[in-house]
Amino acid sequence: MSQFLYLVPTLTILVGALVLMFMSMYDKFNIKNHIFASSVFLIIALLFALSNVSNSFSVQPYESFLNNVLTFDSFSNFFNILLIAGTLLTLLIGEHYFQHRSYFKGEFFSILLFALFGMMVLAQANELITAFIALEIASFSIYIMVGYNSDDSKRVEAIFKYLVLGSFIGAFYLLGMVLVYGATTSTNLADVSTFIATANQQDMILVYIGLTLILFTFLFKIAAFPFQSWLLDVYRGAPMIITAYMASTFKIAIFSFFLRVILDYISPIIDFWDTILSVVIILTLVFGTWLAVTQQIVKRMLAASSIVHTGYLLLAFIALGYKDGHLINIDSAYAVMFYLIAYLLSALGAFGLASHIISETNVKVTFDDFKGLAKQRPFLAAMMTIFLLSLAGIPSTIGFIGKIYVFTEAIASGYTLLTVIAILATIVSVYYYFRLIAVMYFYPAPDNCETEEFDDKRVSTYAIMFVAILTVLGGIGSAIVFFIPAMNIDTLINFSQVAVQSLFIR
């Protein structure tokens with residue numbers, strides 16, 4: 001019974017998806033009803049997940065319940081909380097956007113919860129087949145949401161490109177899984193880990209090749225070089241709020257499984273991947289920076305910059321290191337976890353606020369559309385500035401703390417050159433992020449615009465404001481709100497440490 005309780009957050013989301021699917025069959029339920037129902041299920045699931053936080057350093061493998069294909073521990077619960085919170089914030093931030101797009105129907109919100117269900121299962125997956133099924137549930141839900149408005153040719157092109165490339169790269173995962181099974185006679189990660197620890201180098205060839213093919217699948221999903229070609233077109237073609245969801249929450253789900261596999265099961269392969277990941281990191285940082293600098297559409301600029309943030313996260317991964325049978329720098333795993341929190345808030349806030357601004361229009365969201373925003377809507381301009389400062393890694397924001405954490409651990413592991421390149425990419429990022437800030441504050445507003453006072457009572461505005469507050473408190477929380485533990489930077493870091501350390505308790 002206790003094992004079942006740990007599944008309640010995931011099952012709540014699944015039940016919610018099914019209920020919303022049936023609700024969509026009846027015309028009497030409007031968009032507001034679907035948003036409300038979705039929010040209720042998400043809040044219930046979040047409360048159940050938060051209730052499990054007290055079970056720190058716990059590992060509950062479902063050996064008798066689900067044949068050990070899922071694992072519950074503080075690590076998976078950490079990601080459950082992030083994924084549910086990210087989905088809930090996406091829903092609330094996009095509330096105004098959803099209501100002003102007639103093509104959004106009730107079944108869309110069911111698909112959104114199915115995507116979350118797949119992500120949560122992925123975060124708890126303890127077996128390669130289970131992980132693949134969870135990944136595909138989430139991915140196909142995302143495909144549908146990307147191309148939800150079939151009347152828009154850009155979205156049709158985006159979903160076709162994403163679907164074809166995603167299906168193609170999924171074959172790499174399957175091939176890699178077959179090779180791993182051929183070598184180890186198992187797809188359970190615990191069995192694969194045992195084989196890696198005891199086998200000689202000659203027997204490891206198939207395992208290395210198979211796991212590398214699986215690595216390519218995840219590099220595609222997080223849009224690392226050279227698998228980033230789909231990102232700009234797909235992000236541009238997708239509805240703005242779905243772009244926000246893909247750039248933040250979905251990316252976190254991918255990293256959740258990737259990090260679990262590296263830390264808990266196949267850490268020796270980090271040494272084998274060292275050269276591959278080093279090259280990928282350099283090219284991801286350089287190419288992502290070049291793309292971001294050359295964009296004229298804000299949506300594409302933010303999309304390109306997300307490639308750069310992928311490079312930062314991969315830098316923290318490679319900094320884990322492996323020598324003499326153990327990880328060299330476990331603190332780097334804490335850096336990954338903290339940076340994921342920082343990136344979730346910053347990226348979701350920036351993309352979500354852009355969707356909020358254009359919710360009543362159909363513009364492409366170029367830099368010109370933000371001219372004089374500080375005069376037109378000063379409150380929204382201030383919040384966008386906070387998110388951009390955090391993405392750029394400017395002090396007093398959570399993004400700054402995250403970057404410092406990642407760069408410090410990378411240097412400690414001996415990756416000084418990669419860190420220097422990452423710092424240079426950060427310096428260049430100041431240009432394209434501050435370019436948007438300059439447009440908002442130093443360019444004249446259109447002649448026909450009127451200044452709006454802060455009397456916006458929409459749910460979206462308050463949700464964005466909440467994320468902006470967290471972004472600032474995550475950067476200076478220890479200094480100004482030390483008496484509120486939940487707002488303390490050290491609390492977030494400790495939460496990350498507990499999540500990682502639970503993987504090593506058996």
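A Cβ is built for glycine as well, from the same backbone N, Cα and C atoms used for every other residue.
So that you can see what the record holds, here are the features copied from Swiss-Prot:
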- 4-24: transmembrane segment (TRANSMEM)
- 78-98: transmembrane segment (TRANSMEM)
- 103-123: transmembrane segment (TRANSMEM)
- 128-148: transmembrane segment (TRANSMEM)
- 163-183: transmembrane segment (TRANSMEM)
- 205-225: transmembrane segment (TRANSMEM)
- 272-292: transmembrane segment (TRANSMEM)
- 301-321: transmembrane segment (TRANSMEM)
- 333-353: transmembrane segment (TRANSMEM)
- 381-401: transmembrane segment (TRANSMEM)
- 410-430: transmembrane segment (TRANSMEM)
- 464-484: transmembrane segment (TRANSMEM)
Leading stretch by Cβ pairs under 8 Å, where the reference is the transmembrane segment (410-430) and the options are 128-148, 301-321, 333-353, 381-401: 301-321
Residues from the same chain, set at least six apart from the ends of the transmembrane segment (205-225), whose C-beta lies under 8 A from its own: 128, 135, 139, 165-166, 169-170, 172-173, 175-180, 182-184, 192, 195-196, 199, 231, 250-251, 254-255, 257-258, 266, 269, 272-273, 276, 280, 283-284, 287-288, 306-307, 310-311, 313-314
Beyond the flanks of the transmembrane segment (128-148) by at least 6 residues, Cβ under 8 Å: 69-70, 103-104, 108, 111-112, 114-119, 121-122, 155-156, 158-160, 162-163, 166, 170, 173-174, 177, 180-181, 187-189, 192, 214, 217, 221, 234, 237-239, 242, 245-246, 250, 253-254, 257
Highest-contact recorded stretch vs the transmembrane segment (301-321), from 78-98, 103-123, 333-353, CB pairs under 8 Å: 333-353
Dominant neighbour of the transmembrane segment (78-98) in 4-24, 272-292, 333-353, 381-401, by Cβ pairs under 8 Å: 333-353
